[in-house]
Amino acid sequence: SISSCQSQSKPLSIRVCTICGEGNIISDELIKCSTCQKSMHAYKCLSFENNKILKTIKTYSWECVDCKKCIQCGTVEHDDELLFCDHCDRAYHMDCLKPPLSEPPPGEWYCQLFSLLKTKTLIIKMIERCLYIFPLSVCLLVPIAYFLSFTVAVKLGHSKFEFPFLSRSSTDSPESCIFSQIINFASFVLFITIYIRYRQLSQLIRNNPTCGKKYSQANFIFFICGLTAAFSLSIISNFPHANVFPIRLFATYLTFTASVVALYCEMLLSSWIRPLLYSSRVLPIIRTIITVISTLALLACKYKLILTTNIYTVYKDFAFASLRDSC
């Protein structure tokens with residue numbers, strides 16, 4: 001047909017280097033100028049010394065030497081005074097730099113964008129090395145809130161020297177203010193901890209094709225249960241024990257239940273992803289032991305609640321019957 005003949009008569013567009021006239025080379029790569037659309041070999045013709053410059057060039061609209069403009073002033077005047085960054089190949093007039101330069105510096109020179117990028121990378125690495133502070137802070141803040149409010153309550157005579165129900169000693173002021181402030185901060189830190197852990201596992205699952213759908217589902221359940229535990233923990237701190245005890249009791253058991261479910265998800269993910277992260281089984285075994293202990297503690301608390309409710313019901317019926325007989 002006519003269309004097929006026309007398509008066959010069209011020449012194939014082959015990228016050719018405008019400097020050497022050759023096409024693709026196995027050990028080299030053609031890069032295109034965003035202004036004049038000319039292609040050039042990165043190593044053979046442009047004399048790039050390493051692969052880092054080539055990777056950086058691909059992240060922005062690169063321009064060749066003929067089209068290169070100063071990043072600061074945006075002009076091509078005095079192109080003989082342009083200074084090229086050895087990291088990103090961006091150009092700057094020496095007079096436009098802060099502080100300005102009178103002559104090219106010896107050795108390699110890096111622009112301000114590279115310095116900012118390097119500083120940002122160092123800050124990110126520093127933050128990544130300190131991520132353990134978030135879960136450690138949660139583990140320390142919750143006991144500190146309990147024992148500090150308990151100590152203040154005993155010292156002021158608001159409570160006896162015995163371990164009461166969770167934060168019952170923090171009903172009166174000022175211990176209630178101390179308890180609420182610390183637990184609110186612990187809840188906020190727990191939010192951050194759960195989110196960071198969720199993103200870490202999400203990236204690990206995304207970068208490993210062997211991780212199936214169950215990995216993502218377990219990680220999502222862990223995320224929801226972790227946020228639920230953090231939110232209910234803030235309810236515990238803001239609802240006084242003496243005024244709204246049912247809400248506080250519900251939030252307490254919701255915190256424990258959501259935490260145990262999150263521990264189960266973390267235990268399963270640790271056992272599934274162990275070949276990718278851990279060389280030994282020590283950490284998954286420790287998490288399994290903690291999960292079992294937490295489960296037994298949760299069951300004991302629920303059993304105690306049921307037993308206490310039954311005893312209270314029997315005592316109430318007995319007292320009502322005794323009062324009726326006396327009348």
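Using the three backbone atoms N, Cα and C, a Cβ is placed for every residue, glycine included.
Curation does not apply to TrEMBL; its annotations are automatic.
These features come from TrEMBL:
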type	residues	note
DOMAIN	67-117	domain 'PHD-type'
TRANSMEM	130-158	transmembrane segment
TRANSMEM	178-198	transmembrane segment
TRANSMEM	219-239	transmembrane segment
TRANSMEM	245-265	transmembrane segment
TRANSMEM	285-306	transmembrane segment
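Remote same-chain partners of the transmembrane segment (285-306), defined as residues 6 or more beyond its termini with a Cβ less than 8 Å from a stretch Cβ, comprise 253, 256-257, 259-260, 263-264, 266-267, 270-271. The average pLDDT the prediction assigns to the domain 'PHD-type' (67-117) is 77. The DSSP breakdown of the domain 'PHD-type' (67-117) into helical (H, G, I), extended (E, B) and coil residues amounts to 9 helix, 7 strand, 35 coil.
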